[in-house]
């Protein structure tokens, strides 16, 4: 097993499948009276969050607690980071406290990679800048596999602001490892121009959502990041919603079995309409529940044994 | 009659292997444990058999099949994975977690018979008892093993023992079953003489 989880590309097909299989076993704990396993008793997991996040932080916290680890939550607000402490000094502090794992979210792309050089424990990337969010990709893959029964050969459309999306980047890497085909859909201004076929085989690009929809098994809508709207990546919110938003009529163009995913938080009426978000095709609430199981699996596989 | 090539070229030091139970013996022993379970539980009412992976699982299924042949009662069978409850997790590379599969009726208020192939230190059974208390509250718990090889490190004993095999610590008992390994056999490896 790997020591850190920094990128969707850190996992080969066997390891990724092991994570998903382990998550399936972890999911059974959620249905039990005692939702607790002793596997990480005496281990310390630090949640180091430099960016606001509710669902990811709570998800990691629930996962670590269900495995009996001790959890320390550290958010940049109200800490010595607000007084100007550097990432390295914070890392050394955590190191001195004996953190076995650091779950880090940071606005700067690559921050978790730097952190991994400074601490002895495992580092889990919980989202860095516009770069990667590997546990989100794992929980998305888990959700697809549990809804559709397989990943190899699936056709997945990732729609929206791909350029700034760490969710999209990690998903492209992981899904291509697991044999799914990904089509990135969005306005040309929001699709990266440097998608390397070597890094993510089977990935292609389309600027027209309506032609892509009838052929996909999964459509993953990305959040339109409001802070980008003033940056003139697209003319207006209404035009974006008209061309790339998923509404009822568009949803009905999908094949019968296709599912609709969204990493949350949603802008209802922008990239997705309430009719779609609340439909039976939508896996949005499932994704949250699966997130805890997948993060339990990741923490167990990183910390459960003697992997040093 | 053809001999396997190994019979001709005997290496200088072959670790000693002794067959303790052959296939016919294994099936007799399983039959006897099934009879003992029926006797001790007054007909296996409200009883659930839980196999501990790997080889406890096929053994539990065989016991249930024999019990239903002998007395025409159906005993629910389940699987109890103990990986996350082991006390040696940190001494090894991360172990893969297997499925825990309880029978539909659950185990609350039932008599649970844990089934495993070899009873040695008792640590596996300790982990199984912890796992059991997290998935339900049985009325009582018993233990059935195919082989008891001694050297307990915890105050644990079996209620049903197929075969007691006195061993030295350096020796190793290996159980193979048709379902998992192709043949039914119990062998003793190592020891003083070769």
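Numbering starts at 1 and runs along the chain as it is shown here.
Each Cβ is built from the backbone N, Cα and C atoms, and glycine gets one as well.
Any TrEMBL annotation is an automated prediction that lacks curation.
Per TrEMBL, carbamoyl phosphate binding site is recorded for A:55, A:56, A:105, A:133, A:136, A:264, A:265. Close to residue A:56 (carbamoyl phosphate binding site) in the fold, though at least 6 residues off in sequence, lie A:105, A:126, A:127, A:135, A:136, A:291, each with a CB less than 8 Å from its CB.
What TrEMBL records for A:83, A:166, A:223 is L-aspartate binding site. Note on residue A:83 (L-aspartate binding site): other Cβ atoms within 10 Å of its Cβ, all shown chains, come to 6.
Under the heading domain 'Aspartate/ornithine carbamoyltransferase carbamoyl-P binding', TrEMBL lists A:3-145. Per-residue confidence over the domain 'Aspartate/ornithine carbamoyltransferase carbamoyl-P binding' (A:3-145) averages out at a pLDDT of 93.
Feature annotation from TrEMBL assigns domain 'Aspartate/ornithine carbamoyltransferase Asp/Orn-binding' to A:153-302.
Looking only at Cα atoms, residue A:265 (carbamoyl phosphate binding site) sits nearest to A:223 among the binding-site residues A:83, A:166, A:223. Of all Cβ atoms in the shown protein chains, 19 besides its own fall within 10 Å of the Cβ of residue A:223 (L-aspartate binding site). With helix defined as DSSP H, G or I and strand as E or B, the domain 'Aspartate/ornithine carbamoyltransferase carbamoyl-P binding' (A:3-145) counts 62 helix, 27 strand, 54 coil. All protein chains considered, the CB of residue A:264 (carbamoyl phosphate binding site) has 17 other CB atoms within 10 Å. Proximity note: of the listed binding-site residues (A:55, A:133, A:264), A:133 have a CA within 10 Å of the CA of residue A:166 (L-aspartate binding site), given in sequence order.
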